[in-house]
Amino acid sequence: MATLHFVPQHEEEQVYSISGKALKLTTSDDIKPYLEELAALKTCTKLDLSGNTIGTEASEALAKCIAENTQVRESLVEVNFADLYTSRLVDEVVDSLKFLLPVLLKCPHLEIVNLSDNAFGLRTIELLEDYIAHAVNIKHLILSNNGMGPFAGERIGKALFHLAQNKKAASKPFLETFICGRNRLENGSAVYLALGLKSHSEGLKVVKLYQNGIRPKGVATLIHYGLQYLKNLEILDLQDNTFTKHASLILAKALPTWKDSLFELNLNDCLLKTAGSDEVFKVFTEVKFPNLHVLKFEYNEMAQETIEVSFLPAMEKGNLPELEKLEINGNRLDEDSDALDLLQSKFDDLEVDDFEEVDSEDEEGEDEEDEDEDEKLEEIETERLEKELLEVQVDDLAERLAETEIK
C-alpha cells in the first residue's frame, strides 16, 4: 500500500540502488565502497538504499557524498530511504536524520521521498517536522509504518501546512501525493492533519491514510475540514479506519466534490455499517463518476438491499461507466441472489465467498452505537487555528533570518 500510483521513470544508468541487500553500514569504511560507486555515476536521478541498516557515521559520510557531488545533488529526483534502521538504537536514528534530512533539502529537483518502515516515533518528530515544512521541491511524500502516534501525526499535519506556505512563497507546486498509513494517527491527529491536507488542496491527487485506528469523529473531521477541499483527488485510501453512520454521512456529502477526478476509493474494513453503506451508495445513484475505476468496500456490514436498491441502479444508469475492479466480500450479502450473479458476470475477478451472518443483537445495537454523541463531528474554529499557524510561520521566518545574519 505504501507505494506510488505510478512508476517513476529513470534511465537505468542513472539509478544507484543497493535495495534489499541487508547491509550493515555503521562506519564510514562500511559505506565507502558504495559511495565511491555512487560518486562515479555521471548523473544520479534515483538513490535507493532501502532494506539496509545505516548508522550515524555512515550517514554523515553519505550526506557528505551527496552534498559534494553535484551530479548527485543537482540530479536527484527520487530517494528511497525506507527500512533503513533495523536494529538501530533511537539515538542512532536521530543522529542519522540530523545528517540526511538537511542534505535532502539541498537537492533542488528531489520530488519523491520514501521514509516508510522506519521506527521514528516521537524522538525524531522535530527533525521530520522541520524537513517536511521546508521541502519545497517535494511532490510525493511516503511516510508509512513509522510509529508516529497521534501527537506526532498532529505535528506532521502542521508541517504540511507550513510546507504549503513555503511552496507558495517559492512559487513551487503543491504536494501531489501524501501516504501516511499504519501510523496510529487516531483521532488526536485529525484536526491539524485535515488543515495540512487542505492547504495543498490545489495539488493533492493521492491521499492514503490506511490502518491508523481513526474513529468516526476523527474520520469525519479529516473529511469535513480537509479532504473535501481537494478538488482534484484521484485516489483516496482510508482502509481499516472506523466510520459507522456518522462519518459515512460526511463522506457521502463530500463524494460529489470528486465526481470528475476520483479514480480509486478504498473503504475496505471501515465498518460503515448498513446505514452508512446506504448513504454512500445512494450518491452513486445520484451522481455520475466517469473516471472511477476501482471501488473497494469489503467487510463493512453492507446489506444486500444496498446492492439491489443503490449499486445496481447506479450501474444501469451509467453512473459508473469505467468501474473495472470491485471488492465487496465480507458483507451481509445473499450468496444465491440474482444481484450477485449479475455482478459476477460484470466483474471477472469479483470475490464473494465470505458472507457475514445478520445477527438480531447486531441489528438492535447498531442504531444505539450510531447515536453515540462522542462520535459526532465537532465544530472547530479552523480559521483561528490556521491564523495561529500562519503566525508561527512568520515567527519561524524571523528566527531563520536572524540566524542567517548572525552567521
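Glycine is no exception: its Cβ is also placed from the backbone N, Cα and C atoms.
The annotation phosphoserine is assigned in Swiss-Prot to Ser360.
The region 'Disordered' annotation in Swiss-Prot covers 353-378.
Break the repeat 'LRR 1' (11-39) down by DSSP state and the numbers are 15 helix, 5 strand, 9 coil. Summarising the annotation, Swiss-Prot assigns repeat 'LRR 1' to 11-39.
The repeat 'LRR 2' annotation in Swiss-Prot covers 40-67. Confidence in the repeat 'LRR 2' (40-67), given as mean pLDDT, stands at 99.
Residues of the same chain lying 6 or more positions beyond the ends of the repeat 'LRR 3' (68-101) and with a Cβ under 8 Å from any Cβ of it are 2, 8, 10, 14, 19, 24, 38-39, 41-56, 59-60, 62, 107-121, 123-124, 127-128, 130-131, 142. Under the heading repeat 'LRR 3', Swiss-Prot lists 68-101.
Annotation comment: Swiss-Prot describes 102-133 as repeat 'LRR 4'. Applying DSSP to the repeat 'LRR 4' (102-133) sorts its residues as follows: 16 helix, 3 strand, 13 coil.
The feature repeat 'LRR 5' is assigned by Swiss-Prot to 134-166. Cβ atoms under 8 Å from those of the repeat 'LRR 5' (134-166) belong to residues 1-4, 82, 104-105, 107-122, 125, 128, 172-189, 191-197, 199-200, 203, 208, 212, 386, 389-390, 392-393, 396 of the same chain, restricted to positions at least 6 beyond its ends.
Residues annotated as repeat 'LRR 6' in Swiss-Prot: 167-197.
Residues or ranges marked as repeat 'LRR 7' in Swiss-Prot: 198-226. The list of residues near the repeat 'LRR 7' (198-226) in space but at least 6 beyond its ends in sequence, with Cβ under 8 angstroms from a Cβ of it, reads 1-2, 4-5, 139, 144, 153, 160-161, 163-165, 173-191, 232-244, 246-247, 250-251, 254, 261, 266, 374-378, 380, 382.
The annotation repeat 'LRR 8' is assigned in Swiss-Prot to 227-256. Helix, strand and coil counts under DSSP for the repeat 'LRR 8' (227-256) come to 16 helix, 3 strand, 11 coil.
What Swiss-Prot lists as repeat 'LRR 9' is 257-285. Secondary structure of the repeat 'LRR 9' (257-285) per DSSP (helix as H, G, I; strand as E, B; remaining residues coil): 15 helix, 3 strand, 11 coil.
Counting same-chain residues at least six beyond the ends of the repeat 'LRR 10' (286-315), those with a Cβ under 8 angstroms from any Cβ of the stretch are 234, 239, 243, 255-256, 259-274, 276-278, 321-334, 337, 339-340, 342-343, 346, 356, 358, 362, 366. Here Swiss-Prot flags 286-315 as repeat 'LRR 10'.
Helix, strand and coil residue tallies for the repeat 'LRR 11' (316-346), in that order: 11 helix, 4 strand, 16 coil [DSSP]. The feature repeat 'LRR 11' is assigned by Swiss-Prot to 316-346.
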* To do: Would you mind splitting the repeat 'LRR 5' (134-166) into helix, strand and coil residue counts from DSSP?
  => 19 helix, 3 strand, 11 coil
* Asked: Top stretch among 102-133, 227-256, 316-346 for CB pairs under 8 A with the repeat 'LRR 2' (40-67)?
  -> 102-133
* **Contact ranking winner - 102-133, 167-197, 316-346 against the repeat 'LRR 8' (227-256), Cβ under 8 Å** => 167-197
